[in-house]
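Q: The following feature annotations were taken from TrEMBL:
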type	residues	note
DOMAIN	B:3-182	domain 'Electron transfer flavoprotein alpha/beta-subunit N-terminal'
BINDING	B:R202, B:228-229, B:242-246, B:259-266, B:N280	FAD binding site
Amino acid sequence: MKVVVAVKRVADPNVKVRALADGSGVDLANVKMTMNPFDEIAVEEAVRLKEAGHATEIVVVSVGPEKSAETLRTALAMGADRGLLVRSDAVVEPLAVAKILKAVAETEKPDLIIVGKQAIDDDANQTGQMLAALLGWGQGTFASKIAIGGAAIEVTREVDGGLQTVNLPLPALVTADLRLNEPRYASLPNIMKAKKKPIDEKTPADYGVAVEPRLTVVRVHEPATRKAGIKVGSVAELVDKLRTEAGVL
Amino acid sequence: MTILVLAEHQDTQLDEATAKAVSAAGRMGGDVHVLVAGSGCGAAAEAAARLEGVAKVLLADDPSLANRLAEPVAALVVSLAGGYDALLAPSTTSGKNIMPRVAALLDVMQISDVIAVEGPDLFQRPIYAGNVIQTVRSTDARKVLTVRVSSFPAAAVTAATRPIEAAAISADPARSSFVRSELSGSERPELTGARIVVSGGRALASAENFETVLAPLADRLGAAIGASRAAVDAGYVSNDLQVGQTGKIIAPDLYIACGISGAIQHLAGMKDSKVIVAINKDPEAPIFQVADYGLVADLFEAVPEFHATVAEKMRA
């Protein structure tokens, strides 16, 4: 079974990102960048499938600027076999990313594609579903468990009421949720080995995909911040304030 | 302009998320139709027909639509899309699963998790866990969007009822099949609609403590129980109770955070609550920076005392 995993380079999730003063975008100068945490989970799952003897090859793809190659290297150090950078310095929206990944899938012919359920920068939660739609494949989104069974997989999904399990004939697409696994840290020998693994480079134009955005960003601003309130000294004072001052009890 | 809202429902009942999505659709201007897709979902359609602001309900009742799998529901919505200028769903896990599939099939860039409608093509949405708000204009002829339900009031329920029409069922792409559901089921109010939420973090230290320490207070207050990601990851409570950037995003009247430090991704899920209470023994915990009332205390002492105090006051 061949697996394709897509990864995105994003701002570190522990960094509090700020809007630019002129409202034109967010300030990413000097912000630490990392692999989208959900994509790390997707890579880890593919590597585990390979270690369990289900997957034969893992191809990791990223659409983004030149530095996305570093994110691909991280995935290669975790255990992916080769990388593909589809280079674009402009912002590429989820719909265009899905179109590019569709073209990649038509070349690579994977049995399974795993992506993170959402990127923690734009929080769009779209790319996987869009890619499955464009390929005409079944989708197992927000996955907390993948079970391989011959020509199909069973995916357990985290949904509003609890869990839902679906069966998908291969080829299929899965989007990884938080509890699918805990990603490993790459070991030093594997980081060294990853430097020798191949990363191919293409552009969206190579796949005939236009990346002009459909959404125009009119303004970017920070929401009104909540002010810290008061510290109370006791439970009795707390309950009293909630009843008389806040009127919520 | 005519807008189609994809209803969130459990076949026999309509979820409040639908009423909220209807009010969001109303702000775009034009006629609002509601699509109820499911199996044996006539009751949900009747409830949708009583929502203020709805002109018409489309009922797609077919076994292939049971469990609302993304592939057949998306195919159905796409088959109806020709008659609409905008397609909208609440950003529940179901809406998030289905709508991007619809958008891609229509070659539209979806606008996810809208928190404010400024016009028929102008929307506000949060990025970076809600630390930044983006206002975007869609240049697509047809709009596809999901709306954050905690940002919109529920459309009122009226005595009058609107017409319900049967929708033609499209062929099931048969790219997935339902295996099973494991729904947590609880007597407590649903997390996303609850007026009061009592939430616990890793400091609770066990599933038992959620039941013995947190649950009595929640039940006394008629509150829902929530949890931080750390508590869910540790297996103390089920995944559907997670509050945060990638869990549930809620805005109750009162949010009581017990033993929750207040990571960015958690704050993203609850910072729009009207009143926030934090109980934490670490005075430096970031949760205190957003709390209206902070109590530096050991939750294992403070929460039972809170329960006892409230019980006494309510008797008085």
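Cβ atoms are placed via backbone N, Cα and C, with glycine included.
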Q: In this structure, which of the binding-site residues B:R202, B:H266 has the fewest other Cβ atoms within 10 Å of its Cβ?
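A: Lowest Cβ count within 10 Å among the binding-site residues (B:R202, B:H266) is B:R202.
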Q: Sequence order please: the binding-site residues B:R202, B:Q245, B:I260, B:H266 that have their Cβ under 8 Å from a chain A Cβ, otherwise just none.
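A: Near chain A, the qualifying binding-site residues are B:Q245.
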Q: Look up B:Q242 (FAD binding site) in the DSSP assignment and reduce it to helix, strand or coil.
A: strand
Q: Using a 10 Å radius around each Cβ and all protein chains in view, which of these binding-site residues has the most neighbours: B:Q242, B:Q245?
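A: Output for this query is B:Q242.
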Q: Can you check how the pLDDT averages out over the domain 'Electron transfer flavoprotein alpha/beta-subunit N-terminal' (B:3-182)?
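A: A mean pLDDT of 97 is what the model gives the domain 'Electron transfer flavoprotein alpha/beta-subunit N-terminal' (B:3-182).
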Q: Within its own chain, what residues at least 6 apart in sequence put their Cβ under 8 Å from the Cβ of B:I260 (FAD binding site), listed in sequence order?
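A: Set apart from B:I260 (FAD binding site) by at least 6 residues yet with Cβ under 8 Å, we have B:S199, B:G200, B:G201, B:A203, B:S228, B:H266, B:A278, B:N280, B:A285, B:I287.
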